[in-house]
Amino acid sequence: MHPFWNTVVKIFPTWLAPNLITFCGFLLLVFNFFLMAYFDPDFYASAPDHVHVPNRIWIMVGLLNFMAYTLDGVDGKQARRTNSSTPLGELFDHGLDSWACMYFVVTVYSTFGRGSTGVSVFVLYLLLWVVLFSFILSHWEKYNTGILFLPWGYDISQMTISIVYIVTAIVGVEAWHAPFLFNFLYRDLFTTMILGCAVTVTLPMSVYNFYRAYKSNTLKHHSLYEIILPFLSPVLLFALCTTWIFLSPSDILEVHPRLFYFMVGTAFANISCQLIVCQMSNTRCQPLNWMLLPLAVVVFVVLYGLAPNNETVLLYTLTAVITVAHIHYGVCVVNQLSKHFNIRPFSLKKRSTD
């Protein structure tokens, strides 16, 4: 895609800030998420005997997803083109990518949906974690080796997702219900692709690059505890959320899957952003993210029946708290870096020193 991005970036004026390109691409994914939430709130729209998402919406989502992917690819080229590469740009790019993982995974789920011909909400929950794990693994690698490996599987997945949206508009969601090879369904292909990219590309390359750094004695951390520290908060997040799902009195994931995915993805994004800040500043990764505390409290309250019939309210409240806190954290970090480097996040002009 680099030849295409090299051509696209020439369209942008040289006064356009790379961070603005990054942010616009991210907002397109957010728009797709909420657009699909309107037409397919509970992931049943693609199931037989349900009102399907209009074809024009699939076309729009496909085009916007491709535009978001393109903007994510050209922001760095715009930075180098305008000689405006900064640590803020790197943090802004990867920080938004950590949140974008949830948006594009949950949005593409609507092509298959739930039901007998779709994917269960719990399987999608696990697939979401495969994607999140792949993301954190790459940044764990950089935390320990100083080098970030960006797997080409991401490029293939984004192109495939955009094409799937457009094809869905042409052939209809019913086409994904039929087997394409013996009894192998398209939903199985969807699952296999996500797992395959993680197991055959991301995981082996990260382990290999870590091993190379170990053999050359260039690791930034040497104790086992420091090496695995970035995994502690994500693992606890997974454990708490999965415990909630299994022991939920109201079967919370079945009732509010989209909101639950959003809560998980946002909490994960905050954990990832803090890791990115640590790897950029060469500081020690914090063992625990504070967002795990309110989550643990909610899980405790739900499991011990301290707030019967209020599980949905607790999920909404927790999601709101985590979302506001994550946005606040992002704004504070951007402001601090902007002041430190005397730059404006969405402009190529220097900040006023008055």
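Glycine is no exception: its Cβ is also placed from the backbone N, Cα and C atoms.
Bear in mind that the values here come from a model prediction, so they are computed numbers and not experimental data.
Pulled from TrEMBL, these are the features on record:
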TRANSMEM  12-37  transmembrane segment
TRANSMEM  57-74  transmembrane segment
TRANSMEM  118-138  transmembrane segment
TRANSMEM  189-211  transmembrane segment
TRANSMEM  223-247  transmembrane segment
TRANSMEM  259-278  transmembrane segment
TRANSMEM  290-307  transmembrane segment
TRANSMEM  313-334  transmembrane segment
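In summary, the transmembrane segment (313-334) does not lie against the transmembrane segment (189-211): fewer than three C-beta pairs, each 6 or more positions apart in sequence, are under 8 Å.
Contacts between the transmembrane segment (259-278) and the transmembrane segment (118-138): present, as 3 or more C-beta pairs lie under 8 angstroms, all at sequence separation of six or more. In summary, the transmembrane segment (118-138) does not lie against the transmembrane segment (290-307): fewer than three C-beta pairs, each 6 or more positions apart in sequence, are under 8 Å.
Within the chain carrying the transmembrane segment (12-37), a Cβ under 8 angstroms from the stretch's Cβ atoms is held by residues 53, 57, 60-61, 64-65, 67-72, 74-76, 78-79, 81-82, 84-85, 88-89, 92-93, 96, 99-100, 103-104, 106-107, 110, 258, 344-348, all 6 or more beyond its ends. For the transmembrane segment (223-247), the list of distant contacts is 122, 125, 129, 132-133, 136, 139-140, 143-144, 253, 260, 263-264, 267-268, 271, 275, 284-289, 292, 295-296, 298-299, 302-303: same-chain residues at least six beyond its ends, Cβ to Cβ under 8 Å.
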